[in-house]
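The feature ATP binding site is assigned by TrEMBL to GLY94, GLN95, THR96, SER97, SER98, GLY99, LYS100, THR101. Here TrEMBL flags 339-409 as coiled coil. Residues or ranges marked as compositional bias 'Basic and acidic residues' by TrEMBL: 418-436. Residues or ranges marked as compositional bias 'Polar residues' in TrEMBL: 487-498. Annotation source TrEMBL lists domain 'Kinesin motor' at 8-330. Here TrEMBL flags 417-436, 487-509, 543-563 as region 'Disordered'.
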Amino acid sequence: MAAGEAERILVSVRLRPVNAREAERGDGSDWECAGPTTLMFRGNIPERAMFPATYAYDRVFNPECSTQQVYEQGAKRVAMSVLNGINSSIFAYGQTSSGKTYTMVGVTEHSMSDIYDYIDKHPEREFALKFSAMEIYNEAVRDLLNPEATQLRLLDDPEKGTVVEKLTEETLTDKGHLLELLAVCEAQRQIGETALNETSSRSHQILRLTIESSAKQFMGRGNSSTLMACVNFVDLAGSERASQTQAAGTRLKEGSHINRSLLTLGKVIRQLSKGGNGHIPYRDSKLTRILQSSLGGNARTAIICTMSPAHCHLEQSRNTLLFANCAKNVATNAQVNVVMSDKVLVKHLQRELARLENELKLPGSASCRTHDEVLREKDELIKQLEEQLKDLMEQRDTVQSQLENFRRVASDGNINDRTTRQWDDYSRSSESHPRIVSEDVLSSSDTYDCAYEDQDDLGSKGLDASHICNGHNQDSEIPEGIAEPHQQTVGEHSVSSLHQRRNHNSDSKEIYQANIMPSSELSEEHCKEVPWIETNEFSRSHFPADRSHAGTNSDEDNHSESMLDTTDSAIKLYTCDSDASSDTEKTTNDESLALKRCVISSRDSVLNRSRSCRASFMVIPNSWFDDSVDMKMPTPGEIFKYAPRNPDKIRRSLYPDNGDCQNDLSLDCSVASGGVTSDTVVDKNTCNEEEEGAIDGISCIPKVKEKLEACRTSQLEGNQYTITEDFSDMKNAKDIGTDIAVTTVESPRWPIDFKKKQKEIIELWHDCNVSIVHRTYFFLLFKGDNKADNIYLEVEQRRLSFIKSSFSAGCESSATVTSSLRNLRHERDMLYRQMLRKLQLAERESLYTKWGIDVNSKQRRLQLSRRIWTQTDMEHVRESAALVAKLVEHLEKGQAIKEMFGLSFTLNPRAGRNSTWRR
Ligand SMILES: Nc1ncnc2c1ncn2[C@@H]1O[C@H](COP(=O)(O)OP(=O)(O)OP(=O)(O)O)[C@@H](O)[C@H]1O
């Protein structure tokens, strides 16, 4: 079998002759060789049936066979493998006195002889032989060539396996030298006398011959290779029974160690015979540990099992055969061990290096292709990353540029993010409103103190002023007025600046004084001082840049001019009323200035649908409390004619205890009239809230407009739109309990929502003591059949909710409630008087019956006036509204317009999106 191929342990069985002692006992031979490989049991025992009759091995040797034959047929091939560089081992295994030593001495000698014969026959090769010998006695390794070394250690070498440290290794000079050493070993081996063997070996002996050989012709040239292997001759101690050997003391101890190590050997062989899977207990004994490579490893192995054929050793013989059976199944993997010289090794490495270098140099080689591909991929990746980096840097520069712009504008005009957002929104949707912008600039700057009298205006100012920012960004020119420190950013006018402004009591006072200043208190000098043209010039001189925007849109101009005419008329009526009183002298320069500002404000406010106008609508005309004046609701153009008719009288009537409570009047008049100007209310109650955002429904108007626009757009696109969630940021609106969905008129649920909201508003009117006329106007005008009605209702509800919360918050609510109740009483008195004028006797009597009033009772007219708008059920509300409409001329004639209530937008389906909100 060639080296490197799987092969099995060569197992042979040798029967020794029955010795004299056995013969004396009359023990016959139970075993005989039935052939060269078959051993047969011939014994006649009761357990015979339990024994196999024949046993097959590689070779079986009968007692007549010489050791020469045993060697030749059972060990030579293995032993001679060492000359070819293959490790080999020859074992003698068997019970004590079975002839192991007898056999192994012969086998070793024959092997040595043959080896040297081989060497002698192969002069072309140079051989180097080394010899070492050891024994394992009581689990201690002894160097047989060095008797003083009795406890050699075993070391684990990665290449060589287990080695015996400091083991003497004698280089053999010749055959005689070897024989001398063998003699030394024999002399050093532990031998003891037992009952079975006079010269019983008490240790495991391992004789090792290491042979290196190389061809002489290559020696010294650096290119020769050396074969190196070793052959082990192992004479195991024999297994023994203490009862048979009669061992005691030292012998017993020796026998114990012998049996224990042989037991481990048996386990290893048995495990190896199973295929070598699982744990092989090599390390359980020094014997197996030293012989590990010879047992199933890189070695050829031959085991000669020796047996005594005597019947008395039947059991031990059977155990030996069982061991042999296992051993013959153990596979080994013997290989030729070639030792490469340094020069050969260097040469081999140089060749390998040259091959690799050629592969790298050749472009077509596999490794080069891989390298190029990797480089291309890396280059591509770097390119992509560079492009991404470039894009990111551009984006960063863009953002930084925008940020710088915003910062510059913000620092110049205190324009905050909200402004910017509003500017963005508005600039996208109002390109065609430069005129509005310019007018609002006037409102938001020059008329700083007067213009912010209505949240609606504030909202529009927020938008328009933002547009100013746009203009300034483009022109890089900011009006001085806008940049004043005390002036909050125009974008914040809807909220923040209002609060800031309210902190200036003097300004607030001027606002009030201007608004309530009776025409009678103005002297001709005042009239001269405040001509319209002068006001116009005043504004223009203050805001040239803004004025430059005027007149860029003809439609808006026409509309504005129309409004301007109306305003001019009103202003002239107001300022030039010759019904001057003695109070004129009380007019101070401040009041004059306030008037001047108010006039400007009025004009601008009209242009911007100023609260001044609406507030006047909300305030019950003086004439209503005057019996001498016919009841007549004002038209929008007549508002200044009526509103300031005798404001001082109003003030005194509403605030008899403190006629100077101007600030309060702004609130109370509004509340009493039902036209509470939200900015005034904010001033009184929600200053802190202003800083946080939208305050009430009115302050939300710009947003409502935007949402309505979005709603309309959405409807055009066939979508339902609800802005409830879009008001989520209007926290104060939510705080006052008006987080109500604004449903579109087209929505299927709109009728339900409308009724619900209408009912809530009616109850709020009742709770807030809102003006009866206001209720009537509102109830009759907003019937839910108009697209804008939902917005009006939303605003009204939020406004009322806010008022109600103000009442319940107790913030000056006592005076507010008192004054509002007083004004309600005045209204009822007015209606009481109007009944005589507007209703025939029959009509009045019919009403008495209808309202459950005895037609013959005293003060039945007064009773009726006191019952109007006192309940919140719809029937009562409808009857109350109908009655008040009869008593109030313009209501009955339908002359009132919805714009009275503060919202100045119209839905124009034909208009483009940008022009939907005309104001
Ligand atoms: N084949 C044989 N032919 C003749 N005599 C033999 C043979 N085998 C062994 N003997 C003799 O048997 C005796 C015991 O042999 P040996 O010492 O070799 O046994 P052993 O197995 O080594 O015993 P132990 O294990 O106790 O050392 C010796 O006297 C030996 O000469």
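Keep in mind that glycine also has a Cβ here, set from the backbone N, Cα and C atoms.
Whatever TrEMBL says is automated annotation, not expert-curated.
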If you check the binding-site residues GLN95, THR96, SER98 one by one, which have a CB less than 6 Å away from any atom of ligand 1?
THR96, SER98
Roughly where does the coiled coil (339-409) sit in mean pLDDT, to the nearest integer?
81
Which of the three DSSP states, helix, strand or coil, fits SER97 (ATP binding site)?
coil
GLY94 (ATP binding site): tally of other CB atoms within 10 A of its CB:
29
Distant-in-sequence Cβ neighbours of GLY99 (ATP binding site), under 8 Å, six or more positions away:
ARG14, ARG16, THR306, SER308
Other residues with Cβ within 8 Å of the Cβ centroid of GLY94, GLN95, THR96, SER97, SER98, GLY99, LYS100, THR101 at the ATP site?
ARG16, ALA92, TYR102, ASN197, GLY238, THR306, SER308
Are there any residues in the same chain, six or more apart in sequence, whose C-beta is under 8 angstroms from the C-beta of THR101 (ATP binding site), and if so which?
ALA92, THR199, SER201, ASP235
Which residues of the same chain, at least 6 positions away in sequence, have a Cβ lying under 8 Å from the Cβ of LYS100 (ATP binding site)?
ALA92, TYR93, GLY94, SER201, ASP235, LEU236, GLY238, THR306
By Cβ count within 10 Å, point out the most packed of the binding-site residues listed: THR96, SER97.
SER97
